[in-house]
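One structure is given here, and the rest of the page talks about it.
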Amino acid sequence: MTDLNIFFQSFYQQLVASSPIELIGVLFGILQVWFAKANKSIHYLFGLLSITLTLFILFEVKLYAEIILNLYYFVMSIYGWWYWFKKPAANSNGQQPIAYASRIEWATVAAICVVGYFLLYTVLQNFTDSDVPAADAFVASFAWAGMWLLARRRMENWILLNISNFVAIPLLYHKGLVLYTLLTIFLFVMAIFGYLNWRKIIRGKAYIFSKD
């Protein structure tokens, strides 16, 4: 049996062994990204449902930074849902406009990524039984920054989220979470389309750069 056959056999066995909670959480996650790509505010509802189920799965496999990340997702999803329809800055559709990040927002993103990584790595390395502190901290910190930009409807959120997804794919597979590995691959692809869709929307608008 070749190494490739062994890989696919192992992948299939892990897929079959996935729990119902993992399956439902992944389905909600797919719906969340699909509606986010389509610029629909309902994506926050499916995101909240997916996060709630995902927390149980992550605790079982000791991905502690991912747990903190998902709690952050939960709070930012509520904030993003509110910010999406905040008045009076909303556009004619009653929504906050999509915009490119300002310099201040980019500085905030850099701080979240750098400070978040070193803080999480230090905690995971010294105070938990995590066996993947560096990867776990990297995925979480870049996803934090991306989610913050998504909540503020900034174009660059897709870039930050995909940097996180790129590292999360092998990390989740290493932990035996095959369905979440597949979901993250799906998220990676959808984030590319999300970026292209938002760019198409923003090119037809008068506002381009955030004034925040």
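Even glycines carry a Cβ here, placed using N, Cα and C.
Note that this is a predicted model, so its numbers are computed, not measured.
Here is what TrEMBL records for this protein:
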TRANSMEM  12-35  transmembrane segment
TRANSMEM  42-61  transmembrane segment
TRANSMEM  67-85  transmembrane segment
TRANSMEM  106-127  transmembrane segment
TRANSMEM  133-151  transmembrane segment
TRANSMEM  158-173  transmembrane segment
TRANSMEM  179-198  transmembrane segment
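Under 8 Å from some Cβ of the transmembrane segment (106-127) lie the Cβ atoms of residues 64-65, 68, 133-134, 136-138, 140-142, 144-145, 148-149, 156, 160, all in the same chain and six or more residues away from its ends. Residues of the same chain lying 6 or more positions beyond the ends of the transmembrane segment (133-151) and with a Cβ under 8 Å from any Cβ of it are 36, 63-66, 68-69, 72-73, 76-77, 79-80, 83, 101, 105, 108-109, 112-114, 116-118, 120-121, 124-125, 157-164, 167-168, 170-171. Long-range contacts of the transmembrane segment (158-173) within the same chain: residues 63, 109, 113, 132, 135-136, 138-140, 142-143, 145-147, 149-150, 180-181, 184-185, 187-188, 191-192, 194-195, 198, each at least 6 residues beyond the stretch ends and with a Cβ under 8 Å from a Cβ of the stretch.
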